[in-house]
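> What TrEMBL shows for this protein is this:
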type	residues	note
BINDING	4, 5, 6, 7, 8, 131, 132, 133, 134, 135, 136, 137, 138, 139	ATP binding site
BINDING	49, 54	substrate binding site
């Protein structure tokens, strides 16, 4: 078994090569998400602005807004923490140190509690809920304290029958994994 850094390096190369297929699979995964009872019952959705090798979250953001849901996006905070803040819209997002668009900091906007978190990552095991992210641990730290619903959209390039990376006790399992 590879170490997490070794796995991430190899998986990111695979995801880059598979990006066109992942984009094709995005619409079907988003349709599954919109049909979930957790989605339908939620008033506040947390997601991220996707990168080129991820499921395209533009459709998630648009569907949430059209349904009258509040959209929250992650913002990197001090001490390796993450908070979800209201999405100010694409024109008002700033770019984080990781190159990810995020809301600007406003103290009154920090304590948002999403009903549903759409969790990103680079590889998932649908049978167990295991995931591996990009390596900074922001989502694991947030999810360890989060009592609500979690879901992940798993394109074929991110779907693993068993973990090919070490799953640690602090790795938070995802509740619902949608696959193609």
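Even glycines carry a Cβ here, placed using N, Cα and C.
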> Among the binding-site residues listed here (4, 8, 134), which has the Cα closest to the Cα of residue 49 (substrate binding site)?
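For residue 49 (substrate binding site), the closest Cα among 4, 8, 134 is found at 134.
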> Express the distance between the Cα positions of residue 4 (ATP binding site) and residue 54 (substrate binding site) as a whole number of Å.
19
> What does DSSP say about residue 132 (ATP binding site): helix, strand or coil?
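Strand, per DSSP.
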> Cα distance, residue 54 (substrate binding site) to residue 132 (ATP binding site), nearest Å?
13
> Here are the binding-site residues: 49, 132, 136. Which has the lowest count of other Cβ atoms within 10 Å?
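Among the binding-site residues 49, 132, 136, the lowest count of other Cβ atoms within 10 Å belongs to 136.
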> Out of 6, 54, which has the highest number of nearby Cβ atoms, where nearby means within 10 Å of its Cβ, if these are the binding-site residues?
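Answer returned by the neighbour count: 54.
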> Could you give the Cα-Cα distance between residue 134 (ATP binding site) and residue 54 (substrate binding site), in whole Å?
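Residue 134 (ATP binding site) to residue 54 (substrate binding site), Cα-Cα distance: 12 Å.
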> In whole Å, could you give the widest CA to CA gap in the ATP site formed by 4, 5, 6, 7, 8, 131, 132, 133, 134, 135, 136, 137, 138, 139?
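Roughly 20 Å, rounded to the nearest whole number.
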> Pick out which of the binding-site residues 134, 138 has the most other Cβ atoms within 10 Å of its own Cβ.
138
> Using Cβ-Cβ distances, find the residues under 8 Å from residue 8 (ATP binding site) that belong to the same chain and are at least 6 apart in sequence, listing them in sequence order.
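Long-range Cβ contacts: 122, 132, 134, 135, 165.
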> Would you mind reading off the Cα separation of residue 138 (ATP binding site) from residue 54 (substrate binding site), to the nearest angstrom?
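Pair distance, Cα basis, whole Å: 17 Å.
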> Under a three-state reading of DSSP, tell me whether residue 49 (substrate binding site) is helix, strand or coil.
coil
